[in-house]
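Note sheet for the following structure.
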Ligand code: ADP
Ligand code: MG
């Protein structure tokens, strides 16, 4: 503005306008420049954005490709795994199937092996020994009145197991005692869960043998409370000792065997056989006839004696043999006899039986002299002596009913010269408890009983020992029990010893003793048991 001093307004206005124009000119060129820069910048940005977008999409493509690949790989992997799984499933099914086949084959082989073993047992005249381990029972825990420390424990501990169906394992380690880990082999071992039905499955073939003409003896051995009576008869009712027939599945060997025998007999020609029963108790080394009747017909126990006949067989003269027509008649008689059986509760078990019980079922079959030695079926087909064989047993029965002796009179035999009688015998023995004296905590009469029981059971072991060692003299007569059972023990019968043991540790000593007895019994070889109705044929073979 200093320069404007002295200038005219016009000049000033001219100058101002020129200045303004110049400024305008300058301003527009700046804007243009700025726009250019911005454009340039924007272009650059756009370009880099494009590049970035391109890169991004490329990256995205690349990554999605990678991911896709990974997904595909994973899917493939899963597919492969699925396939592998299916393969495994197929393989496992195959394996399962082949395992089943192998198991079936194994079972078959086992049965074959058992059958072969049975034949071997039979050929050698061995004694079959089975062992049954009963379950732990409530009274195992409260049998603790004895001074013995073990028996005061109020809990049970299992020490005896069925390792398999032929092996008993006794395993026990107690502080202060040598540990026990022992196995015992028998023809058959029943575990605690195996029922009366299963036990009978193994007994049934012996009954077929009985009908084929072999004598059979089944004997239960074990301490009191180990399940002998349960196995032989079934569970007993507390008051009257009649065994409960309500629950058929609980029935023991004696009722089942009788039913089976009568079932088998029903297939034979009617009237060609008859069945008799005798019930004997061996108590304090005396033999008692439990079916003897007084003059009023009431059953009471009468002392009898056992003798050796001229043929070297044992016999009980005057022993009552009652004829029975069916299983229930048989069981009624056995039941009557059982009411008279001597008992004395030991601490081990409230219903201890202090005597040996021998129930004998005798089948007498009548064959005509002509076809002696032929089978029943052949006889049936032939129908040769139909009327004779039908009437003969009836006559026999009538004449026998007046006397209690089973011996048929010579006149009868003369009258029926051509008829041959064959007697086969099923002896069912429930032995007295094999526990040691000290164990039961008994005194006085019971102690005497126990010592008799112990003596008779050791006599039994001695007899088996003598037979096993093939000693010339077998001490049958050392006890009434062995004398009575002489024929069955000596090889006249197929003999099955059913060992009964309690699994509880309290009874370890007794169980070991029982298992030891069974092991020795297995070693007995008596020569082949003879068939009764084919004496000629078996000799000829
Ligand atoms: P034992 O005749 O040897 O003295 P018991 O047969 O009287 O022995 O058995 C003793 C108790 O055990 C009985 O009450 C009987 O019912 C029960 N018992 C035995 N064995 C079995 C078993 N296998 N299953 C269930 N209870 C059994
Ligand atoms: Mg008993």
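The backbone N, Cα and C atoms fix where each Cβ goes, glycine too.
TrEMBL: automatically predicted annotations, no manual curation.
The range from 371-393, 394-416, 417-439 that TrEMBL describes as region 'Disordered' is residues 394-416. Coiled coil is the annotation TrEMBL gives to one range among 22-56, 57-91, 92-126, and that range is 92-126. Between the listed binding-site residues, namely 222, 225, 227, the fewest other CB atoms within 10 angstroms of a CB are found at 227.
A Cβ distance below 6 Å to any atom of ligand 2 is met, among the binding-site residues 225, 228, 229, by 228, 229. For the recorded site, residue 222 (ATP binding site), the DSSP three-state label reads coil.
In the three-state DSSP reading, residue 227 (ATP binding site) counts as coil.
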